[in-house]
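Per Swiss-Prot, the feature signal peptide maps to 1-23. Look at Swiss-Prot and you will find Tyr83, Glu129, Asn187, Tyr333 tagged as substrate binding site. What Swiss-Prot lists as active site, proton donor is Glu188. Feature annotation from Swiss-Prot assigns disulfide bond to Cys195-Cys230, Cys626-Cys634; the stated evidence is similarity to another entry. The active site, nucleophile feature in Swiss-Prot is assigned to Glu268.
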Amino acid sequence: MPGFLVRILPLLLPLLLLGPTRGLRNATRRVFEIAYSQDRFLKDGQPFRYISGSIHYSRVPRFYWKDRLLKMKMAGLNTIQTYVPWNFHEPWPGQYQFSEDHDVEYFLRLAHELGLLVILRPGPYICAEWEMGGLPAWLLEKEAILLRSSDPDYLAAVDKWLGVLLPKMKPLLYQNGGPIITVQVENEYGSYFACDFDYLRFLQKRFHHHLGDDVVLFTTDGAHETFLQCGALQGLYTTVDFGPGSNITDAFQIQRKCEPKGPLINSEFYTGWLDHWGQPHSTIKTEVVASSLYDILARGASVNLYMFIGGTNFAYWNGANSPYAAQPTSYDYDAPLSEAGDLTEKYFALRNVIQKFEKVPEGPIPPSTPKFAYGKVSLEKLKTVGAALDILCPSGPIKSLYPLTFIQVKQYYGFVLYRTTLPQDCSNSTPLSSPFNGVHDRAYVAVDGIPQGVLERNRVITLNITGKTGATLDLLVENMGRVNYGAYINDFKGLVSNLTLDSNILTGWTIFPLDTEDAVRSHLGGWEHRDSGRHDEAWAHSSSNYTLPAFYVGNFSIPSGIPDLPQDTFIQFPGWTKGQVWINGFNLGRYWPARGPQLTLFVPQHILMTSAPNTITVLELERAPCSSDGPELCAVEFVDRPVIGSSQIYDHLSKPVEQRLMAPPPKKTKIRGWSMYDDESL
């Protein structure tokens, strides 16, 4: 062996043993930092500003992560921003999900492979129009817990969760060879009433403990002094958020009051806006968004476009606002990429703005995915919920003198059936009431199998019913999504207070927590063989124009002889009212064409099969189109175009803060971190 190799080998051996990635990192240290004196970021010593877009991996199937990320890169973005919803990964205490659609590490590595940097927003609270703002519902088992505070019960749960999540993130930090350049602590905390600096300091210490002292930690709050009073903390870099039409100079001056030096940052520049059931679909004009983006970039600021792709609130993951208004299944957000990942006019307009400031990648942009209209599919009614309780609640019911909440029976999402008997004769219409607005969120009411109507949070708290003494009173209660923003995120579900019948409190409840997911995946297929056809009990209906909540099932096959199938599609519900839909056991989410604005649900191709028929399961809660007195068929239809609502341009984003606070619609005017209610009721 040559002499110089003998001398140098002991020096090289430690690097060789570290492997290629770690060895390179030690040989050439990667650094991402704030250069306060230069009012900018430095990446490996060079000036840097990010142009980022928000994508929530929890709202996009893993099957499509690469497609969406590539489209974001080709738009000229150099960074993506994503939330980590705690409840998406720990839906039950101590039971963690980090595989398949929950594999956040894979998602971040994929972004890295595509040359995208990452802004990580791990909460623990995220808002995001997501169920309970990303906090797990099981936290409410401590009924007096004060969320987002230094409450010991809350801190203990947060500490345990961060101890699971953040060590997974540390190898993915930029300085460790990964894509994560900055990490947000909490989320718009200045908009929350608690104003608990001990809580923020606790988070700051735990983030540094798990991620190291050289990680860039930041906060985000609305561009108003009020929010920064409780949202900013020394040692966490303060950023602001605001939408198109805002006064950019004023907004960044607010940031400068907390951060006299350092980069200007808009962490949430709104490309669109959120929706609620029963309100028009929100859009913001492309030219308004493009013009404001140009002005932000012209100031040398870093910016994140919220959202660049919205995606879908599959299953039960949508959130809600106060006064109670649930968000729909679609989180399209009028973003540059549609819910289905399609290129829009806004995409190309914003790309044109970005390329005036930064070089955009050359080459073809991945096209919009093809869609296919599979047509109508007939569905057969199987059983009502009441007739299927042995399958839906295999462990049996819970007895209680007074009604229990979802949390008390450990049912965090979905449905619970509450049953008691009428203690008096109600041959004449008798008021069934929730005097303290205690139905959270909708209750489908029946007496001896005869539907009576619906009780609904904030909207319908009294319903006249009829029945004889001793008749069975059923209330199927639906959790429509927990409040994700504001003071009322301690959102208990079910019957959260007593019901009265003609002013008398009802007692003696039998409570059935329903495992609809397991039933749909494992058992529904067997129902058809055991008990097919229409059921007289199931089809009972009254003058209230409701039918009993029931399951419907149908099958369809992907056409043969057509290349490149299956393809994405959209399912619509002509004549149906409100419910939940599954395809091949995959919970697509809620449909509610009777209220809108969303009429179709996105169906990604990866859940469809070509080797066997595809099974559609519908749980209709109010009224199906094929009731016993009508000629209509029970059918759904697959179409190749989405219908998520009529276009409605809300002008509340372009008004001064003082005007925005009072301007409907929506009734809750929220500038992400700024909210004013005309009614603070639950």
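Note: Cβ is positioned from N, Cα and C throughout, glycine not excepted.
Neighbours of Asn187 (substrate binding site), defined as other CB atoms within 10 A of its CB across all chains, total 28. Here Cys634 (disulfide bond) is compared against the recorded positions Tyr83, Asn187, Glu188, and the shortest C-alpha distance is to Tyr83. Note on Cys195 (disulfide bond): other Cβ atoms within 10 Å of its Cβ, all shown chains, come to 13. Neighbours of Cys230 (disulfide bond) among the recorded positions Tyr83, Glu129, Asn187, Glu188, defined as a Cα within 10 Å of its Cα, are Glu188.
Note on proximity: of the recorded positions Glu129, Cys195, Cys626, the one nearest Glu188 (active site, proton donor) is Cys195, by Cα distance.
In three-state terms derived from DSSP, Cys230 (disulfide bond) belongs to a helical segment. Rounded to a whole number, the distance between the Cα atoms of Asn187 (substrate binding site) and Glu268 (active site, nucleophile) is 11 Å. Within its own chain, Glu129 (substrate binding site) has Leu274, Asn313, Asn318, Gly319, Gln327, Tyr331, Asn484, Tyr485 as residues 6 or more apart in sequence whose C-beta sits under 8 angstroms from its own. When the disulfide-bonded residues Cys230, Cys626, Cys634 are compared by the number of other CB atoms within 10 angstroms of each CB, Cys230 has the fewest. The DSSP secondary structure for Glu268 (active site, nucleophile) is strand.
Cys195 (disulfide bond) is 13 Å away from Asn187 (substrate binding site) when you measure Cα to Cα. The DSSP secondary structure for Cys634 (disulfide bond) is coil.
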